[in-house]
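Chemist: Here it is: the structure, laid out below.
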Amino acid sequence: MLSLSDWITTLSLVFGGCCSNAITLEHITSRYPNAGVLITFFQFLIVSLYGLPKQFTFNDPPESKHAANGPNGTVSAPTTPRRRWIPRLKNRKVPLLPYFIQVALFLVLSTLNNAAFAYHIPMTVHIVFRSGGMIINMILGWMFTKKRYTVRQVASVLVVTAGIIMTTLSASKPKSRAAEVDTPDTSLYAMGISILGLALVLSGFLGLIQDWVFAKYVAPAQAEAASDPAGQSSWQEHMFYLHSLALPLFYFSKDNISTELTRMSSSPPVFLSLPQSGPLAPYYEAGLVVPSIFVYLLLNTCTQLVCVVGVNRLTGRVSSLTVTLILTVRKAISLLLSVAVYGGQGNTEMWAGAGLVFIGTIGYSTGSKSKDQKEKKD
């Protein structure tokens, strides 16, 4: 259960990191629509590097209960863990097989979501499909895990989805003839929509698997580990293996990654000044000249790390439907920021849609609370 401080920290990471990440992603993909695999690779790489130190230890693994027994069957006093010269990976709470299944789904849907920009899918339509995950999640939960939802929960999810669609469609309307763009090729556009639809279904199955893994492996481990009541190591382990195990698979996309890096290196240069001091400081300026798009790529990679940390903190502690609901609200805010940064001022329909999203969020929260209270009485 998340405390108030944990909620504030986690939601700040999710909304701050993910919303700023969406802005940088739109800037990159609008100029390099085929850079989806490259962006995904750098995002997976930085998350793996961030989580790597937390998965190593210099202590030997703890002795088993049988090894700790004395010669007469008595339990001997616990010994201090021995230090090692060479670090080893910490013992996992989850076996590798469930991780491999999650990695396959997560890598595919991440790559599909980023690759869809190559099929002339606007950011607004992109957000519509990714925000439809609540309905998919609810349907799959009802079909495969026999979950039951209250009428208020179902209605709230529909209201949130309607709000997202209203906000997105209003944002996609051209402000004038000068703002209109050519309609993309129908077959190409249909292929992009199919890619987003497949990613949406895979995301729903990934949520079910994560719920199962948490119930089978993580929750029992947390119940036994009093030293980790908040599940700190659980989400960090999940985040690390979910990204690091996927890195070798990018070998098969090395040509695409290399080509996009070469194209990006020809973007207009930008001068990054470096801090300096000393008697010569007033006479010259030290700095680096780099392709401007690399600055946005760095910002996108770093904000993705913040976003992923927040989402993984959330995933291990609440249900997948609640995670999807929170991320849906985040996407609505990302859409409004996108319009403010790249698409001008909003209109009445846009703000009405955003209002529906927040009304649906409140309705779902109160619906969940009333359901829990009813189950306790029964």
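Positions of Cβ are set from backbone N, Cα and C atoms, glycine also.
In case it helps, TrEMBL gives these features for our protein:
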REGION    62-81  region 'Disordered'
TRANSMEM  32-52  transmembrane segment
TRANSMEM  96-121  transmembrane segment
TRANSMEM  127-144  transmembrane segment
TRANSMEM  189-209  transmembrane segment
TRANSMEM  321-344  transmembrane segment
TRANSMEM  350-367  transmembrane segment
Chemist: Mind pulling out the one from 32-52, 189-209, 321-344 with the most Cβ pairs under 8 angstroms to the transmembrane segment (96-121)?
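Modeler: Selected stretch: 189-209, with the most Cβ pairs under 8 Å.
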Chemist: For the transmembrane segment (321-344), what are the same-chain contacts with Cβ under 8 Å, counting residues 6+ beyond its ends?
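Modeler: The answer is 11, 14-15, 18-19, 22-23, 26, 30, 123-124, 127, 130-131, 133-134, 137-138, 141, 157, 160-161, 163-164, 167-168, 171, 175, 207, 311, 314-315, 350, 353-354, 357-358, 361, 364, 368.
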